[in-house]
Amino acid sequence: MDKVAVIGAGSWGTAIAFVLAENGHDCLLWTRRQEQSAEINERHTNEAYLPGISLPRNLNAVSDLKKAVEHAEIIVIAVPTKAIREICIEIEKYTEKPKLIVHVSKGIEPDTLKRISEMIEEEVDPGKRQAIVALSGPSHAEEVVLRHPTTVTAASHNQEAAERVQDLFMNHYFRVYTNNDLIGVELGAALKNVIALAAGIIDGVGYGDNAKAALITRGLAEITRLGMKMGANPLTFSGLTGLGDLIVTCTSVHSRNWKAGNLLGQGKTLEEVVSGMGMVIEGVRTTKAAYQLSLQYDVSMPLTEALYSVLFENVPPKEAVDQLMSRMKKQEIEDIFYK
Ligand SMILES: NC(=O)C1=CN([C@@H]2O[C@H](COP(=O)(O)OP(=O)(O)OC[C@H]3O[C@@H](n4cnc5c(N)ncnc54)[C@H](O)[C@@H]3O)[C@@H](O)[C@H]2O)C=CC1
Ligand SMILES: O=C(CO)COP(=O)(O)O
């Protein structure tokens, strides 16, 4: 059994630690808040993030990051994208021997346009880390802790490391594949949140299933178009971390990105939505990054552009949809691969 530290005890970090503890690993869950670590250790719950769920008795929490890092051979980072760099700096400080680093976050950093594994590479000295693996796929925490069947992908340039992570997490309700296309997996994971926000808006303004289906398929087309220019394997976007995660995030009541979009579609402001959610809505910052990427790589991403105009330029959602529908006519498939 492995010694693992999960860094971040929000809904996903807790669910991931739940799986590791159930698999019999010696797992320490790190949280910033001492009261939260006491709740996990004494009551075996994390009510703020996973209400009503009993956590495994062998799952322990700490609020001392040094202790968590020193405990582990494998570090699993589960904080929002905006916290990745500061957490990595801390992890590096407490690391002596190089460790395998897994991340389960989904985002792209605006302005630098870096993926999460690239941020980890920049912040953790190569002498303090082994391979980096992204674990990603259609996986809402709320369903994982009910042991509902879930499939994800362990992606890395290092196949041995991806297989180690596959073995670490795999059990009867949590099935893990591997994929060596780290770029495609990380891009799909981040960019689906942009489309999920838009899907929520579509529902919020009262449009129907036709519009949602169009959004998912044309969203996949623009993600694939950008991904191919950035060096991803286009087939990855038809997999769990592309189409799979698009479907779950655009259609699930658990999705925070969908919920946020839904409220925007009903007329709430971005500030109201963000302050009321209490959990991370990765798609907001990722929309900014995706829009910047579309300009940098000169890739047409009309849905991303439309969402950017709603979020950051105060364009009313219905007006943004009207603009999308009145664009010049196109060919469907060639448009995905060649424009
Ligand atoms: N919730 C889910 O079902 C899934 C979430 N993810 C991804 O996992 C990542 C984390 O998401 P959630 O756990 O859902 O978010 P969350 O909002 O439920 O929890 C975030 C956690 O990170 C902590 N945190 C925030 N800023 C921090 C900082 N600067 N330093 C240290 N800790 C900080 C918060 O205190 C909280 O414990 C996101 O990138 C998300 O897209 C991926 C798959 C599923
Ligand atoms: O990535 C997720 C499911 O795969 C979680 O999505 P939300 O952040 O929208 O809840």
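Backbone N, Cα and C atoms are what each Cβ position is placed from, and that goes for glycine too.
Of the listed candidates (Ala134, Ala141, Ala221, Ala320), TrEMBL assigns Ala141 to the same NADPH site as Ser11, Trp12, Arg32, Arg33, Tyr49, Lys106, Arg256, Val280, Glu282. Only Asp245, in sequence order, out of the binding-site residues Ala9, Trp12, Asp245 have a CB under 6 Å from ligand 2. Taken over all pairs of the listed substrate-binding residues (Lys106, Arg256, Asn257), the Cα spread reaches a maximum of 13 Å, rounded to the nearest whole number. Within the set of recorded positions Trp12, Lys192, Asp245, Ser255, Arg256, the entry lying nearest in space to Tyr49 (NADPH binding site) is Trp12 (CA atoms). For the recorded positions Ser11, Arg32, Lys192, Asp245, Ser255, Arg256, a Cα-Cα cutoff of 10 angstroms around Lys106 (substrate binding site) retains Lys192. Same-chain residues with CB within 8 A of the center of the Lys106, Arg256, Asn257 CB atoms, the substrate site residues themselves not counted, are Asn193, Ala196, Thr249, Ser255, Val280, Ile281, Glu282, Gly283. Taking Gly13, Arg32, Lys106, Lys192, Val280 as the candidate recorded positions, the subset whose CB lies under 6 angstroms from any atom of ligand 1 consists of Gly13, Arg32, Lys106, Val280. With a cut-off of 8 Å between CB atoms and residues at least 6 apart in sequence, the same chain places Lys106, Gly219, Ile223, Gly242, Asp245, Leu246, Thr249, Cys250 near Lys192 (active site, proton acceptor), listed in sequence order.
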